[in-house]
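Engineer: Structure in structure tokens, see below.
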Amino acid sequence: MTNVVVVGSQWGDEGKGKIVDWLSERADIVVRYQGGHNAGHTLVIDGTSYKLSLLPSGVVRPGKMAVIGNGVVVDPHALIAEIEKLAGQGVTITPDNLRVADNATLILSLHRELDAMREDAASNSGTKIGTTRRGIGPAYEDKVGRRAIRVMDLADLDSLPGKVDRILTHHNALRRGLGVAEVSHQTIMDELTSVAERVLPFRDTVWLFLDKERRRGARILFEGAQGSLLDIDHGTYPFVTSSNTVAGQAAAGSGMGPGSLGYILGITKAYTTRVGEGPFPTELKDEIGEFLGQKGHEFGVVTGRKRRCGWFDAALVRQSVATNGITGIALTKLDVLDGLEELKICVGYMLDGEQIDHLPASQGAQARVEPIYITLEGWKESTVGARSWADLPAQAIKYVRQVEELIGAPVALLSTSPERDDTILVTDPFED
């Protein structure tokens, strides 16, 4: 038996939600370890769609414990709203199936406002990052700046006013510089006290809880929220998220040691998508890109934003295999490629007349690279709902094998529709 870390190997939206749900049936505990409510995922269970953005996927399955780790930034209002929405769908969330790390940072209204103000200012100067405006980045800034309000602070009303003063000293200075009204101390105090009773019952010393469960033999599934190429260090900086999204963060963001992580499963879409700004070497702005977007329903769960689409970039995924230590991949949305006469895979780039095998870290160089493609024959037959290799056309199998060879990692699972059971299992990541 081993634990499993699920990471996205591209820019997010790889189909992690379905795979995590599929794996959660084999897990006892599902842990979110980074990000906030800026990355959504959709689960389809018995014909019912559940759209989650903060809660771990395991929360919709009976008998599973969901954990929000210390690496997550928690908007308490978003947490309460998501719990209430699930209640309306018949899913009851209590401390018996959800724990929130007491040392997790809270997202406040002033974080959301600052996020939006910065994006608006950047839009006017052409330097927009393309955030979801949900306050994720500013909350992480306060965490690193050692002025954040954390979940545990909601239980200590004696020391909370001083902590609010500290965070407002910083934020009101920023607001004065931006020419907007300052936030009053009472506004933030009221905001925090209004959610305390709803949030505090879920708080726990998560590292201790997970350590006890690990020693007891529980199977733990770590759920990443965004793709590796959005990692603050290893992604396409500055067009990245504000946290580490690679597999190593599963340890830091949950309080478990790296030796407890086990199998690293990279969720990998059979083509490439990206939301928002930033480099995208294989982007297709033609009818094929439109075809992929429409057939793949490439619209953001959280924002509704249309995703940019392009050919599979093996060079980028190969980089993710290295930075995450990926053991195997779950290849998703192969069925979206059905019907295309030919398919292209990027195997490297040309940069200023030189051939390179990875995307450079420099923003300027990233904008200048040109993809080097190989071309494969497509297939006319449908792969939708395939549950064994025998159900796949020969050219589809050839495409999968080519992907494995180019990225240097085997396919452990192959997803052929949004339905959980439409999955070909090659290797069970939870097996010893």
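In case you wondered, yes, glycine gets a Cβ from its N, Cα and C as well.
The following feature annotations were taken from Swiss-Prot:
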- 12-18, 40-42, Arg307, 333-335, 415-417: GTP binding site (BINDING)
- Asp13, Gly40: Mg(2+) binding site (BINDING)
- Asp13, Glu14, Gly15, Lys16, Asn38, Ala39, Gly40, His41, Thr132, Arg146, Gln226, Thr241, Arg305: IMP binding site (BINDING)
- Asp13: active site, proton acceptor (ACT_SITE)
- His41: active site, proton donor (ACT_SITE)
- Val301, Val302, Thr303, Gly304, Arg305, Lys306, Arg307: substrate binding site (BINDING)
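Structural setting of the listed features?
Structural biologist: Counting every protein chain shown, the Cβ of Gly40 (Mg(2+) binding site) has 19 other Cβ atoms within 10 Å.
Cβ-based neighbour count (10 Å, all protein chains) for Asp13 (Mg(2+) binding site) stands at 27.
The Cβ neighbour count for His41 (active site, proton donor), using a 10 Å radius and every protein chain shown, is 25.
In the three-state DSSP assignment, the secondary structure recorded for Gly304 (substrate binding site) is coil. The Cβ of Gly304 (substrate binding site) has 8 other Cβ atoms within 10 Å, all protein chains considered.
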Engineer: Using only the residues recorded as binding IMP (Asp13, Glu14, Gly15, Lys16, Asn38, Ala39, Gly40, His41, Thr132, Arg146, Gln226, Thr241, Arg305), report the maximum Cα-Cα distance in Å, whole number please.
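Structural biologist: Greatest Cα-Cα span of the listed binding residues: 34 Å.
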Engineer: Determine the minimum-neighbour residue: among Gly12, Gly15, listed as binding-site residues, which Cβ has the fewest other Cβ atoms within 10 angstroms?
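Structural biologist: Each of the binding-site residues Gly12, Gly15 was scored; lowest Cβ tally within 10 Å is Gly15.
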Engineer: Would you mind reading off the Cα separation of Gly40 (Mg(2+) binding site) from Gly304 (substrate binding site), to the nearest angstrom?
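Structural biologist: Just about 10 Å between their Cα atoms.
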Engineer: Among Asp13, Asn38, Lys306, Arg307, these being the binding-site residues, pick the one whose CA is nearest to that of Thr416 (GTP binding site).
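Structural biologist: Ranked by Cα distance from Thr416 (GTP binding site), first place goes to Asp13.
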Engineer: Would you pick out, from the binding-site residues Thr42, Thr132, Gln226, Thr416, the residue whose Cβ has the largest number of other Cβ atoms within 10 Å?
Structural biologist: Gln226
